[in-house]
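Some features that Swiss-Prot has for this protein:
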| type | residues | note |
| --- | --- | --- |
| ACT_SITE | Ser185 | active site |
| ACT_SITE | Asp387 | active site |
| ACT_SITE | His449 | active site |
| COMPBIAS | 489-501 | compositional bias 'Polar residues' |
| COMPBIAS | 594-606 | compositional bias 'Polar residues' |
| CARBOHYD | Asn118 | N-linked glycosylation site |
| CARBOHYD | Asn438 | N-linked glycosylation site |
| CARBOHYD | Asn446 | N-linked glycosylation site |
| CARBOHYD | Asn498 | N-linked glycosylation site |
| SIGNAL | 1-24 | signal peptide |
| TOPO_DOM | 25-520 | topological domain 'Lumenal' |
| TOPO_DOM | 542-640 | topological domain 'Cytoplasmic' |
| TRANSMEM | 521-541 | transmembrane segment |
Amino acid sequence: MGFSGSRANTALGAWSKWLTLCLAMTQPFSVTAKSAADYYVHSLPGQPEGPLLKMHAGHIEISPETSGNLFFWHFENRHIADKPRTVVWLNGGPGCSSEDGALMEIGPYRLIDKETLNYTEGSWDEFANLLFVDQPVGTGFSYGSTEHYVHELDEMASQFVTFLEKWFEIFPHYEPDDLYFAGESYAGQYIPYIARAILDRNKKQDVLANNRVWNLKGLLIGNGWISPQHQYPAYLPYVYQEGVVQGGTQEANLIEAKAAKCMKELNVEDTTGTVHIPDCEDILQAILDYTHKGKRCINMYDIRLTDEYSACGMNWPPDLKDVQPYLRRKDVVKALHINEEKQTGWTECAGAVGSSFKARKSKPAVELLPGLLEEGLPILLFSGQKDLICNHIGTEDMIKNMKWSGGTGFELSPGVWAPRQYWTFEGEPAGIYQQARNLTYVLFYNASHMVPFDYPRRTRDMLDKFLGVDITHIGGDPADSRIDGEKGPTTSVGAHPNSTAAAEREKEKLNTAAWKAYYKSGEVALIIVSTAAVVWGIFLWRSRRKHQSSGYRSIYPMLGLNSTGSLGRFSHKHSRGNGDIEAADFDETELDGQPSQAFLSRSSGDGETYAVGEESSDEEDGASDGQQLMFDQSRGEGRS
């Protein structure tokens, strides 16, 4: 004798309630919480032959109220030296995409045409994880409400710390890494502010209590816009020194008049603490006008080159003509997990972001550097010799006048300065090193505003020295890099074996982090479903006992429940072994093993002469002739 209709309805109602409850409880995890696997890049259009590098990319929401989302592109290190390191790279502008850095400077790939990628020898991902971030909101692939674009540097830094907190929640196995920030141009304002925000965050009680301190270990800034008070006045001596402007001419007198007006503004107390001074911007515009010959003018990013007037460098570097169409391809957008509904197409520099981000209430980042250095944070500043817009004379004047740790500039003792040491790389003069009290300065000979574009191998050597990478214990072919004729720590710019011991330590760290990653990615739903199943089993058992005398054998065979139901499928997901934490979501064969010889064979771009690129196809507001060229053109404020 079976259940009566009322009892059947009661049991079915109970089952429906439990099923609804389980679905409701799992919904937030399965829909809103993303895992590292959701960001995994399975393939990259145009990728070269050989195994695909391990990458993750996509958007992370930093402000639900304003729909603020920052885009990131992460490359895992190809080899591990003595310990794991992560380098965060930022381009400047403000409003210029860090994909410039990824595809034209320090990333592992460069475009050889609009459709084909090639490996870059000297890329920075050899011994360090690379994290490229389009920030602030509105830059590159990042998006959000235009009404809430950032205006000040502390606001930008706060948003970036929020981004990192959310990023480490998704990728917890990278949180213990030694953390470095690197970038160029207007990132000379970004990076010190972000560093200050991180150090302040690390002192908070909840961070200390939860062991979430980030191991910030150093900053690298190339051709940085850091100190307007020293860098605006450097335009005139630089163009005289390089022979760009001939003194005594009517045009030169006009430039000198604008420089004098700028100096007057700099001496006004209200302007000494500002990042942007319009009257001082006129100096650069006057120089560009001076070089206007026919339809050409000097390239403000590399004075060895010319460009169409009035772009004057905006069409450079030549790779730019391929980068934009590549990043606008639908298959690339899909591969990088970009929200197509929120994007109108990648643009190198967002004019709207630059227009909003004037930092009128922010003090220049140079005022933060002494405190950072005194707290023990190593900082490296490097300059390309042939850059005009953020030239090396301005950077050197800034260092000379900066006071920290009981000294001024590179003083070793009162009146005694650290020597300028001559650097050679593979037998060629490469530049100058100078250092004291946690600050290092490197001048690259014959280099532009984008030094890694010109010399990827030399900048990688600089990076490895700064990070303290030493390949002595893991073997490899060392680079011949000498400072004042002496070799320092053994570095290698190219292929070499991995460190087995370090790899094992990294694997153990990944395994430890695996549960945390799964928990945040929605696998906690397994616990909920399991609990519901146990409760349902108890309900069945009690029902059986209650109705044994009625010949009860099963409940609703039409539901098709058996011992290998959904819980069996969840268990199968966890049977993939102890590989990568995203193993359930992609083919591990793409990642395991050492790179093939084809993968390790890449071409060098050192020493090449680059032709001026074609006219930029950016679709935002272009520059108009006349004043404030840098602030109205496609590169935002021009300091990318």
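Backbone N, Cα and C define each Cβ position, glycine as well.
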Check your understanding: What Cα-Cα separation, expressed in whole Å, is found between Asn438 (N-linked glycosylation site) and Ser185 (active site)?
Key -> 21
**Study point:** Model confidence over the topological domain 'Cytoplasmic' (542-640) (mean pLDDT, whole number)
**Key:** 37
Exercise for review: Please classify the secondary structure at Ser185 (active site) using three-state DSSP.
Suggested key: coil
Practice item. Specify the secondary structure state of Asn118 (N-linked glycosylation site) as given by DSSP, simplified to three classes. Key: strand
Revision key, fill the gap. Given the recorded positions Ser185, Asn446, the candidate whose Cβ has the fewest other Cβ atoms within 10 Å is Asn446
Point to revise | Asn118 (N-linked glycosylation site) and Asp387 (active site), distance between Cα atoms, whole Å | key: 27
**Study point:** All-chain count of other Cβ atoms within 10 Å of His449 (active site)
**Key:** 30
Review point. How big is the Cα-to-Cα gap, in Å, between Asn446 (N-linked glycosylation site) and Ser185 (active site)?
Key: 18
Study note, to complete from the structure: Spacing of the two Cα atoms, Asn118 (N-linked glycosylation site) and Ser185 (active site), in whole angstrom, works out to 26
Exercise for review: Between His449 (active site) and Ser185 (active site), find the distance joining the two CA atoms and give it rounded to the nearest Å.
Suggested key: 8
**Study point:** Per DSSP, three-state class assigned to Asp387 (active site)
**Key:** coil
